[in-house]
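Enquirer: Provided herewith is a single structure, encoded as structure tokens, for subsequent inquiry.
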Amino acid sequence: MLTIKDIHALEVMDSRGNPTIQASVILSDNTKASAIVSSGASTGKREALELRDNDKTRFLGKGVLRACENVNTVIKHNLIGLEAINQAFVDGRLKALDGTPNYANLGANASLGVSMALARASAKALNMPLYRYLGGANALTLPVPMLNIINGGSHANNSIDFQEYMIMPLGFESFKEALRASAEVYHTLKKLLDEKNQLTSVGDEGGFAPNFKNNVEPLEVISQAIEKAGYKLGEEIALALDVASSELVDEHFNYHLKGENKILNAQELVAYYKELVAKYPIVSIEDGLSEDDWEGWAFLSKELGRQIQLVGDDLFVTNASILQKGIKKNIANAILIKPNQIGTISETLETIRLAKHHAYQCVMSHRSGESEDSFIADFAVALNTGEIKTGSTARSERIAKYNRLLEIEHELKGGIYIGKELFKHG
């Protein structure tokens, strides 16, 4: 029986220069694998706890030595000797060791690092690719990338309220062709921004962070870039938004669009979205309303839920019980999947299975604070999520995921690129 022989954690750096955890697991056959945990900039209030040291003398309080110590002591001592390939049992032990609903004691960064490293080590020991180990024989589908090519909100220091303007290359036969087209649009966009004397500095996720007069201008210039690059707007490449509206809302559920000097209630904001969807080929809006504005979400879902994808990120925080509440209330029709919002691979799997059972789309996602770790690329293929958000075609921590997906596509001898089939349901 393959068992856990040793576990240890190290404080390393993420793509924003902040500390994070690298966890390593060694199995009884001496197979070793590691995983690096990502970290978010805009976070949902119901996310599992990311344990930080709060020692202002180190990394401005953002150190993770306490979380590393938890891995190197409590977690290590309680997991050594357990069967490695029983991921659900080990993850259950991690949850029980912590004893809180949100990993407030050990830290979700500690638990997830170990959970990821264990899955990777087990796959390696069995001489299987990670996507095959996690997904079995049905792991065949390459996801549609949602590439964040203009950054605003908390991901950039500019005047744009919406956090992400994305492109979705739906009209292609393969992942590699979809990615090539996206890269060409990205480079064409840079030239257009240069011509407009706009900044082409990039945000946390590799998208450009120019200053526009309002939140519509980015849609215009991206549309121009798609067509100038030689692609059909809406048919081959569609648009998507992540509004991250929990960052815009006040205690009265009014939404402050500072870039446009507007304050809108939920109904007015939904009307604004409807105008944008009517004018531009927007196929997905993420976090269109605040995580606490469930009444507003119900209205948004009623008004646009049959027309486009409505993704809950801060709304659901990859949590099966919160998703279940949304399902009962007919809120949203898709969920963003971020393993570090929930704490272990097994809990992430539970949420994905629940979503799929109720015909909610799943979008595998990175965080703004990333690393060279490409786990989510394998995870997206393993669970056939159909979509992946992992930044633009810039910054090596984003490219690592795309390169891994290209590698998987090659291993699968093409696999299945879901493309336009993504939204052909219901």
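Just so you know, glycine gets a Cβ as well, placed from its N, Cα and C.
Sharing the feature lines straight out of Swiss-Prot:
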BINDING   GLN163, LYS338, ARG367, SER368, LYS389  (2R)-2-phosphoglycerate binding site
ACT_SITE  GLU205  active site, proton donor
BINDING   ASP242, GLU286, ASP313  Mg(2+) binding site
ACT_SITE  LYS338  active site, proton acceptor
Enquirer: How big is the Cα-to-Cα gap, in Å, between GLU286 (Mg(2+) binding site) and LYS338 ((2R)-2-phosphoglycerate binding site)?
Expert: 14
Enquirer: Select the closest residue to GLN163 ((2R)-2-phosphoglycerate binding site) from the following recorded positions, measuring between CA atoms: GLU205, ASP242, ASP313.
Expert: ASP242
Enquirer: Given ARG367 ((2R)-2-phosphoglycerate binding site) and ASP313 (Mg(2+) binding site), what distance in Å do their CA atoms have, once rounded to a whole number?
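Expert: One finds 11 Å between the Cα atoms of these residues.
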Enquirer: Using Cα coordinates, what distance in whole Å links ASP313 (Mg(2+) binding site) and LYS338 ((2R)-2-phosphoglycerate binding site)?
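Expert: Each residue's Cα considered, ASP313 (Mg(2+) binding site) and LYS338 ((2R)-2-phosphoglycerate binding site) end up 8 Å apart.
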Enquirer: For LYS338 ((2R)-2-phosphoglycerate binding site) and ASP242 (Mg(2+) binding site), what Cα-Cα distance in Å is obtained after rounding to a whole number?
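Expert: Here the two Cα atoms lie 15 Å apart.
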Enquirer: Please determine which of the binding-site residues listed here (ASP242, ASP313) has the lowest count of neighbouring CB atoms within 10 Å.
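Expert: With the binding-site residues ASP242, ASP313, fewest surrounding Cβ atoms within 10 Å: ASP242.
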Enquirer: Determine the most Cβ-crowded residue among the binding-site residues GLN163, SER368, using a 10 Å radius around each Cβ and all protein chains in the structure.
Expert: GLN163
Enquirer: What whole-number Å value do you get for the CA-CA distance of LYS389 ((2R)-2-phosphoglycerate binding site) and GLU205 (active site, proton donor)?
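Expert: Checking the Cα atoms of LYS389 ((2R)-2-phosphoglycerate binding site) and GLU205 (active site, proton donor) gives a distance of 10 Å.
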